[in-house]
2 protein chains.
Amino acid sequence: MSETTEDIMSATYRALCAHGFADLTMQRIADETDRSKASLHYHYDTKEELLRAFLDYLLDDFESRLACEAADPDERLDTFVEAVFGPAEADDDGDFAVALLEIKARAPFSEPFRDRLVALDARMRETVAAAVRDGIEAGRYAEVDPDDVARFVVTAINGSHVREVALDESPAEARRLVEAYLDRTLDRRSEPEVPV
Amino acid sequence: MSETTEDIMSATYRALCAHGFADLTMQRIADETDRSKASLHYHYDTKEELLRAFLDYLLDDFESRLACEAADPDERLDTFVEAVFGPAEADDDGDFAVALLEIKARAPFSEPFRDRLVALDARMRETVAAAVRDGIEAGRYAEVDPDDVARFVVTAINGSHVREVALDESPAEARRLVEAYLDRTLDRRSEPEVPV
């Protein structure tokens, strides 16, 4: 990604946090950079086009946070949970969660938004399902349906997001319950059993 | 509830389904009734005031759908799941879910909206927790934390709502997983065991 793109994308992130999705304008994004609004329009014809690029950027960012070289399925699940629940930008304070929920609420009216949200969801579910599948094959996890477990975990994560925004609830509550669900459902132990 | 109130509330429901929350106006609500916009303002000073009343109306409606005389905890949990996932109005087609997610996304900017969403959430969690608690006391369910189970179930329901809107996924997927989670976590059986 070019420095210009990176610059515009992080300005979009900050503008979304500051103004929310409904009040986002090209001018407000430009105000978060050293660039003019005209310069932004040189790169992106419309606000819609810029926002589509921004959702692609989010997807890439999420993929890079998921990247886990480990073969160990426990480690891969932990990396996933941390990528989803771990602190985002330091100056965020939940503002981005608010903007992202506005974007999700707009998805029924925007095919390009929906496509990107569907892709992000598929990526999340695949990550969980693959780790669960490998854990089962290695004889480490209980014989469950990896796709069902993945769908339920991601559904709970979606719920955690809406609870953070609508009810001002800390995502730590959902994180604890998702981890307990994985431990219990997969019958995985936090420590290997040591013979006495 | 008076006939007038009932009339205005169901008009608000239809107007929300037709126009969404962002484009809702007093005129559009009046258009769904035999009344004038002025007559609506006689009952509710502002759109905000009408919407607060509408959220109270939703809460009451949900309470009445939860009402279950049964003492049996399984039956109470089934009534809850049906109230949450069962078909709403016949002409709905998911439009109301879209409007409700817009309202949730607005909650950080409206204390009265947030208060009502928090009350609805507490009511949902209490319903599940009470049934689980009674099932444990009767020796029918496994010894789990009723509040944790309730929170996880309601979080998954919140996730199902956002998935229906943002990803156009059928709530039937989440319903199946919530039911399987309850069966497994509570160790409840669909049929009583019959001695052979």
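For all residues, glycine too, the Cβ spot is worked out from N, Cα and C.
Where the annotation comes from TrEMBL, it is an automatic prediction and has not been curated.
TrEMBL annotations:
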DNA_BIND  B:25-44  DNA-binding region
DOMAIN    B:2-62  domain 'HTH tetR-type'
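For the DNA-binding region (B:25-44), the residues of the chain that approach it from at least six positions outside its boundaries are 4-5, 7-8, 11-12, 14-15, 18-19, 50, 53, judged by C-beta separation under 8 angstroms. Across the DNA-binding region (B:25-44), the DSSP tally of helix, strand and coil residues reads 13 helix, 0 strand, 7 coil.
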